[in-house]
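Remarks on the structure that follows.
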Amino acid sequence: MEAKPVAMEVEGVEAAGGKPRFRMPVDSDLKATEFWLFSFARPHMASFHMAWFSFFCCFVSTFAAPPLLPLIRDTLGLTATDIGNAGIASVSGAVFARLAMGTACDLVGPRLASASLILLTTPAVYCSSIIQSPSGYLLVRFFTGISLASFVSAQFWMSSMFSAPKVGLANGVAGGWGNLGGGAVQLLMPLVYEAIHKIGSTPFTAWRIAFFIPGLMQTFSAIAVLAFGQDMPGGNYGKLHKTGDMHKDSFGNVLRHALTNYRGWILALTYGYSFGVELTIDNVVHQYFYDRFDVNLQTAGLIAASFGMANIISRPGGGLLSDWLSSRYGMRGRLWGLWTVQTIGGVLCVVLGIVDFSFAASVAVMVLFSFFVQAACGLTFGIVPFVSRRSLGLISGMTGGGGNVGAVLTQYIFFHGTKYKTETGIKYMGLMIIACTLPVMLIYFPQWGGMLVGPRKGATAEEYYSREWSDHEREKGFNAASVRFAENSVREGGRSSANGGQPRHTVPVDASPAGV
């Protein structure tokens, strides 16, 4: 006899008056079990669109300067060291901001945390139009770059809105379409500059006015998040805390369980050489092609844009691949997928540094490299939601922050000053990708196994997630959401577990928002 699936799918939860609360099918944790890309169904898909669009706008703001760097460089008299320092500043600002954002998501929710961060960093974008010195350029890039911490709220949001079989895809699309801003801005800013210049502005004035476009985009996105976003399927954090439907956790507990989970540290390291590499390329690729192959500003922008624009399918593709591998091989499939794809990306990065003698070969390899390194980002956040439930936000922040740390270190070591030629730095960066992906082999979940070792006999997901709660907290039912997540994650054990595995239940599963 065929076993019944453990995850309970509900075609819209009945609310007062017998009307369905959701237009989308949900599981017992009220998370959507489907992903309707072109829908705006609230709260799941509306929050998805707010998450990726706000992150997209932050990416546009952060990398609005590099496409206009030849003009900014001449106006402000920037040296190679100034440019390198500013590039480092643009990605270093978000290191601690991402950790803070993860904690804020755990404590106050992704909606308020995201909108607050975006509004606080928007003035720096507008100030880009009035800078007069290299130090001013460095400062605006630093403070604008802090907005990249909105990535953490986007990933936390998707992990809160979509069930385990769809979380990799949701995280991949939200992150990928957000990162798309890094490519779109390579086209946008030169076009805006040209339009303003043709109207009659001098080059000195035109590039300054152009910065108002990313500033306005960022302002609008923050307002949209507040107006249309929702923290959780059951409501916003404030409401859920007041009604007692959600346990209000303490910072100390959230921090302790995040810092003591070694899986989060490994993912932070590997993400440092997937997303961190992507940030580094966003900073150097435009100038590299402009100087190395003597192309014009628009052509260099088009080439650089092709790297970032690949995110429209590459990172979502990584998330989709993670979910597909999970459906066949469970968590072990997700881990193998991450290691394989990121390692191939490292090899292609080495090749990119070697073929610098050929313009056509460099462009072709860069495009191929972009697909693999960005897909690795999607595969990473196909795993992150399963590391911890109590400290999901901070684990996401640690991983995201690792991406920025990787970018800072890589840019400082290989692209700062004149120690290495850019093509040599790219080659060494590829070797770092390969080396820093190896620790994925050490990630092990007792209930699901790891890359090289199977699961421990008798271990369950419920047991794994409940360890984050004390006996007293479990008695009060504070771990109810973790238990529901464990039950809905049964397929992470592979096909045999998904088809026949019946995890132990200690907390009744229902469709209420309690404990969400």
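Indices start at 1 and increase along the chain as displayed.
Positions of Cβ are set from backbone N, Cα and C atoms, glycine also.
The structure displayed is predicted, hence computed values, not measured ones.
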Swiss-Prot record, transmembrane segment, of the ranges 26-46, 299-319 the matching one is 299-319
Is the transmembrane segment (265-285) in contact with the transmembrane segment (76-96), using three or more Cβ pairs under 8 angstroms as the rule and ignoring pairs under 6 apart in sequence?
yes
Are the transmembrane segment (265-285) and the transmembrane segment (335-354) near each other by the rule of at least 3 C-beta pairs under 8 angstroms (pairs 6 or more apart)? yes
